[in-house]
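For reference, the structure discussed in these notes is given below.
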Amino acid sequence: CALQCQRFLISKVGEDWVFLILLGLVMALVSWAMDFAIATCLQAQKWMYGGLDTNVLLQYMAWVTYPTVLITFSAGFTQILAPQAVGSGIPEMKTILRGVVLKEYLTLKTFVAKVIGLTCALGSGMPLGKEGPFVHIASMCAALLSRFLSLFGGFYENEARNIEMLAAACAVGVGCCFAAPIGGVLFSIEVTSTFFAVRNYWRGFFAATFSAFIFRVLAVWNKDEETITALFKTRFRLDFPFDLQELPAFAVIGIASGFGGALFVYLNRKIVQFMRRQKAINRFLMKKRLLFPALVTLIISTLTFPPGFGQFMAGQLTQKDTLVTLFDNQTWAKQGINDEFEYLGILEAWLHPRSNVFVTLVVFILMKFWMSALATTIPVPCGAFMPVFVIGAAFGRLVGESMAAWFPDGIHTDSNIYRIVPGGYAVVGAAALSGAVTHTVSTAVIVFELTGQISHILPVMIAVILANAVAQSLQPSLYDSIIRIKKLPYLPELGWGHHEKYNVRVEDIMVRDIRYVTLNCKYRDLQQVLHSTKMKNLPLVESAESMILLGSIERAQVGALLSAQLSPHRRLMALRQKALPEDGHRLSDSSIRFQISTETSSGTPARAALRKPLKPALKRVPSSPADSPPAGSTDHTGIALKSLFCANAATEPTEAQGTAYHKAKRVRISIVEEMILGDKMTPTEIREWEEQQLDQLVDFSSAKIDPAPFQLVEHTSLHKTHTIFSLLGLDHAFVTSIGRLVGMVSLKELRKAIEGSLTGKGVKVRPPLASFRDSTASTSEADTTALHQLWDRHQHHHMPREAGPGGDEDDDTPK
């Protein structure tokens, strides 16, 4: 009974919903604990600042030293423990979800560094965000949870399943950060996926909803809230939220936010590039890694010092307090006179005796803009969403206050008076600017869930769409910009209205001179290929004359074949052959065969003897013992298709295999004895022996070969190639013509082609091979002739080439 209960529980642990509940619960706890720690840090800074009000110099020292120490600690701790935790995390997750493996990005060490570093960075009060890092934290949490639960069953080790869970984790990160499950799912899809599998939709919603629910329940449990409400609850007018004549003002906010978002991305990238290109500065900062974050923090905290310049930009307010005041539904200024409004509580930060609210808002927007762009380049875990969100809200508030000043009684012409609500403009501006920087539309949904009101749905959608239209035509998104800066593998999006990409084909951009491995090559050829190229996957062709693509073999497999051929074990066997008589020679030779392949044993007949091209190997059957090679000839086992492509396929255990296993075990023991005796060969003899080994033909029976690498034809368009690479997460594809290998396309070539077509500036350059594309009778006849020749060669593929009537003629056919 206990065993059955254990099996039942283990089977239930494998259910998706159990994993998603655990993920949502852990992330909600992490988010709440981090928010509590961040609020405590910010409260400590206020307490220090308020307790030293008798001395302005001490106040300044406390105001500046506190964030500098926290940021420096965050940068140092992250650099020592896990440098991969620096930055947002969304660009890396976008790369990982494409199928690229980034080492150390989803480990426990990186998780600890990210959580502690982000807590210290946000607790310093710098204009940094937490939305991007939370996506990374949730993804690491999902990866670690999968690793832990894999102890209960092997289904958590499935790569495809892990990718699906990472996609759900990205939604959980945004959902528990803003308590916005719907917007979190949509936002995570927009920023991390080019194509999204709809089957993962429910996983994201389920985990994000559960996580947001627990996150808000914890706030109620801690007496922070009376019930589950929105994070930034607004109380806008519902019966008449806005007049139709205000829509042009909302559209202006959207267009201006588009330009502002593009400028923010451009400024952020230029700051990083300037730091890297100035060799003297770069060299100095590499030696003094903590100096740059400390210096930036010192400058920003000095400018926000409340008794100093900070009094013109509400310097003492935290990001959360700033948003609460900006979303306030009361009008701060009427006709430019701020004396008519009574500032209460934290709203007093926007009041200055010698200037009105417009000056304060303009200074706030301009200063925070470059401060946020600079602060997000600090090497600490941080995001840029929240600072941009606050700047957008301030810009919207500025437009709203201006409209309220121009139309003090509202625009409505009927007898009813409906005053303009500047808080609604702030909501629109926040969604528009954050959407422009990240190239997303789901910020509109996040805003609705953050404020708890959907009354401004039409203005928000208009502004967000216009902001995206402007920003996408000017700059890449912030995350794509960071991907380019970090030189991560990526594929840029195809822009709007660039028709020339439909005229570019794979044959125009592919690499034609590529290294390949032939089926009848020697080990020396493998050595030359490894030295001449850095390709991770090498094409395997039938022969250099036919160039028929048979599959692909990984570089590591080629290196393993070469290492096995030149291994000390084989050299010791050669030494033993010289010392032993003829029967000993026969024993050692068979022992070597057992080390390489266990297919042939004393109880089974040998397979086909002589190495032949793959055509007769397609239908090769085990030959009789009479077909074995004559004595004295080199024993090269023929390759059956199954043994070539399925070297590790499970076979039924036989007595012969058991015998082979025991013999191999005895051989291993004898090899250990030989190693103990020592290698008696001189360096010259070793070199001669290696030269002899390199001249032998390669035995691919023990190698893992992919029989179906992804292939494109020459005439595939750039647009279609981009779609295929994005959909399947490819990093390379071989280009074939009627089965023959003619080239290869990788992410590098595709990226150059797309960026080249996107930067044409209206000048349409004719593709290099476009002049040869006019379909003429001669070209079509040549293609047809080649196709017929290929078909004639392979329609009798079950017969050996030597037995074919036209075997020699095929080799002489001009290619």
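Cβ coordinates come from backbone N, Cα and C, glycine included.
As the structure is a computational prediction, the values presented were derived from the model and not from experiment.
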Candidate ranges 60-82, 359-381, 382-404 [criterion: TrEMBL lists as transmembrane segment]: 60-82
Transmembrane segment per TrEMBL - which of 134-153, 454-473: 134-153
Close approaches to the transmembrane segment (60-82) from elsewhere in its chain (Cβ under 8 angstroms; 6 or more beyond its ends): 41, 44-45, 48-49, 52, 104, 107, 109-110, 112-114, 116-118, 120-121, 123-126, 289-290, 293-294, 296-298, 301-302, 305-308, 378-381
Proximity of the transmembrane segment (165-189) to the transmembrane segment (247-269), 3+ C-beta pairs under 8 angstroms: no
The transmembrane segment (17-39) versus listed stretches 134-153, 201-221, 247-269, 290-309: most Cβ pairs under 8 Å: 201-221
